[in-house]
Amino acid sequence: MAKNVVVVGTQWGDEGKGKIVDWLTDHARGVVRFQGGHNAGHTLVIGQKEYKLNLVPSGIVREGVACYIGNGVVLDAHHLLSEIRVLEAGGIKVRERLRISPGCPLILGYHAALDRAREAAKAACDKIGTTGKGIGPTYEDKVARRALRVYDLFDRERFAAKLKANLEYHNFVLTQHLGAEPVGFDEVFDEAMADAAEILPMVADVSAELYAVNKAGGSLLFEGAQGTLLDIDHGTYPFVTSSNCVAGQAAAGSGVGPGRLHYVLGITKAYCTRVGGGPFPTELDIETPGTPGQQMSTKGREFGTVTGRKRRCGWLDLAALKRSIIINGVTGLCITKLDVLDGLAELKLCTGYMLDGKRIDLLPMGSEEVTRCEPIYETLSGWSGTTFGAQSWDALPQEARAYLHRIEEICEIPIDVISTGPERDETILRRHPFGA
């Protein structure tokens, strides 16, 4: 019987979703991206090869698995083709297995120009930490009903007319409000038409194809990008991304009914990280040698896949995790990077906050309130042994098992999967999402 699983990040992104999606793909007929754009990065380690992906679903490295880019994704066609060529150079067949929704809004040159100019104009304290890739301005165009979509690539005249109108609007903002250079019509149009020749053969009715896969008994894996705490509605607004990163978006962003989402796997690191601006209650010093934060940063190789920026690091925040569990309807958790904590004498779990003199047990919604939150910690013993590469629960040190049990107790949700390294087999399975 077909079963559909949604994988979402429960933190601020970078939770290790790519490896888990790849690991789960053995049981899926297809993998679906349903939100975000090429601002999200995921890294897969397969044998001696490392693949850094932004737009192509992680299932592409599994032979015979179909991959879908749903209507909720904003698409930089030029970047997608560059990514495809890198994969093809590595011997991976992509074009015959990748299907793109005609409803995807297109990221064009003026979107990136707007993104960069706006961020440059902000005061340092107001900077979001955008990747500057045009994601936000493209979603703005979508909501304003002026976006050019993949569908428009089929008609040169329609595309040209819409592009001309959009450039008149956006170039006014760029030149008159932001003091930036205008973006030329020919440059954007010519690149889009050149890309269209390669993109259009991969365009398909994604919603109908996903329905057909399920009807034939095939299971699907929905791959979330970024993380719940970056969600445009539920995250630490305004220090968020421009899309919905939560499990419910899997339905809207791909064209499947919510009743066909059967299991939600929430991915969380054994600690917390964040890239860019915004409040982070459990943040630690990552620069001082010998400190827990510095170990998380260096041992965890905490640098952004897309930007290369150092990630901020801190203790695992269970008040934030519980908020994510509620929002996503998480069925089970997957803990990643447990091995990064190996060797620390003691560990701390944030179980709640003091906010304006009162204790609260869930992350508040406004970033101003989150900034005022002071974490309440519970201290646990660390472990001297290694968890790296462990493949069974019993192979973990007793203190590591106690740490995981405490997370389950406080969050009232089972930990079904534990990742102990980047390779596929460095995984502990307690309950399989496709079998649960």
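Backbone N, Cα and C define each Cβ position, glycine as well.
Computed from a predicted structure; not experimentally measured.
Per Swiss-Prot, active site, proton acceptor is recorded for Asp14. For His42, the entry in Swiss-Prot reads active site, proton donor. Here Swiss-Prot flags 13-19, 41-43, Arg311, 337-339, 419-421 as GTP binding site. According to Swiss-Prot, the feature IMP binding site maps to Asp14, Glu15, Gly16, Lys17, Asn39, Ala40, Gly41, His42, Thr131, Arg145, Gln226, Thr241, Arg309, an assignment based on sequence analysis. Under the heading Mg(2+) binding site, Swiss-Prot lists Asp14, Gly41, citing sequence analysis as support. Positions annotated as substrate binding site by Swiss-Prot: Thr305, Val306, Thr307, Gly308, Arg309, Lys310, Arg311.
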When each of the binding-site residues Asn39, Thr43, Thr131, Gln226, Thr420 is scored by other CB atoms within 10 A, the minimum falls on Thr43
With the fewest other Cβ atoms within 10 Å, the residue among the recorded positions His42, Lys310, Arg311 is Lys310
Argmin Cα dist to Asn39 (IMP binding site) over the binding-site residues Gly13, Gly16, Lys19, Arg311, Thr420 returns Gly13
DSSP, reduced to three states, assigns Lys310 (substrate binding site) to strand
Judged by other C-beta atoms within 10 Å of its C-beta, the most isolated of the binding-site residues Gly13, Gly16 is Gly16
Recorded positions His42, Thr131, Gly308, Arg309, Lys310 vs Lys19 (GTP binding site), shortest C-alpha separation belongs to His42
Taking only the CA atoms, the spacing between Thr131 (IMP binding site) and the residue listed as 'active site, proton acceptor', expressed in whole angstrom, is 14
The recorded positions listed are Asp14, Gly16, His42, Thr43, Thr420; by CA-CA distance, the one closest to Arg309 (IMP binding site) is Asp14
